[in-house]
Structures are given as structure tokens and as C-alpha cells.
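Single-structure report; data block below.
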Amino acid sequence: MISPWDRWYSTSCCLCCHVRTGTIILGVWYMLINAVVLLILLTALSDPEQYHLTSAELANDLDVMDDANMCIASAISLLMILICGMATYGAYKLRAAWIIPFFCYQIFDFALNTLVAVSIVVYPNTIQDYLQQLPENFPYKEEIAALSNVCLVLMVLLFIGCILSFKAYLIACVWNCYRYVSGRGSSEILLYVTTNDTTVRHL
């Protein structure tokens, strides 16, 4: 009997890359994205008069993002850079434990997106509420708002479904990389023990 884990296990991803190479590319890509976000947030914190956005344009009286929220967002971006760096280093140096935090982040992100999809199904009117909060100059706002709730829900669910499928594929790639690195480490340890045992017997 082949377990489900072994049935879906593969050492290749994106049709041509090795899962180790794919995980390294994915980790670097996430690091670049979070580095850009962190740079934007730090720039906004250093010059609040130029980048401070109020929600007057969104017909609200509250600030969109104050300094405290920007500091929290900066800390999260910095943490994400650290987690992605650990995954990249773990895949490159064949250290499986370093990949686990990034894998846990992927699971958490997938769960959040799934909850968003479920909330849209349970509360479909939230899409119309969200559209009303968008700025007046938002592209195609009136055309989108003119659609029926059923059509909007189907479009949003289709979009979220594509995102979830892609995220699930990336999770599988990172998990296969973790299994590959773990198996590689176990094989090296077994080879080391076997070699030492043979050497001791010969002595």
C-alpha cells in the first residue's frame, strides 16, 4: 500500500525545476516583496506629511493607517523577511528544520484565504459594502457595482479559487522540498553510521 503522502510526493515542480530550487526561488521572491513593502513603510514613517493617508477620500472619518499600525506592519514585514530567509537558507544548506516556519506561514495564509471565501459565501452582501467604500475614481467601480450579487459572488469565488489552487501547489512544493531535505539528511546519517561501523569491524 502506498500512503497518500508518498503518492503526491515529487522532487520536481513547475514542470522543470527541482523542489529545492523552487523553494529557494520562492523564498527569494517573498523576501523581495516584503523588502519592498518594508521600504515603503519605512519611507512613509520617515516622511509622514507626504505619505500620511486619511480616509476622507473613502468617506470615513478615521485614518486609514496611523503610525502605530505602520510600525506593526513594518515589524510583520521584517519577520516575514526573516522567515523567508530561513527557508531559503534551509533549502540551500539542506537543513529541513529551517523550512518549517515558512511552511507554517503558508498553511496560515491558505487558511485565512479559505476563511475569506467562506465568509463571502455566508455573507454575500459584504461585496457590495466593500464596493461602496472604494474611491469614486476606482476603475470600473460603477460597472462592477451594477452586477447582481450572485454574479459578483461567483466572480470573487472563482478568483479566490484560482489563488487557493496556486497557493496549495506552492505548499506542496515546499512540503516536498522539506521531505527531500529530510530524506537526504537521513541518508547521509545512515551512510555515516554504516561507514563507521564497517571501519570499526575492519579494525
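Backbone N, Cα and C define each Cβ position, glycine as well.
Feature annotations, reproduced from TrEMBL:
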type: TRANSMEM; residues: 21-45; note: transmembrane segment
type: TRANSMEM; residues: 72-92; note: transmembrane segment
type: TRANSMEM; residues: 99-124; note: transmembrane segment
type: TRANSMEM; residues: 144-166; note: transmembrane segment
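Within its own chain, the transmembrane segment (99-124) is flanked in space by residues 23, 27, 30, 80, 83-84, 86-87, 90-91, 149-150, 152-153, 156-157, 160-161, 163-164, 167-168, 170-171, 174-175, 177-178, 181, which lie at least six positions past its ends and keep a Cβ under 8 Å from the stretch. With a cut-off of 8 Å between Cβ atoms, the residues of this chain six or more beyond the transmembrane segment (144-166) that come close are 110, 113-114, 116-117, 120-121, 124-125, 127-128, 131-132.
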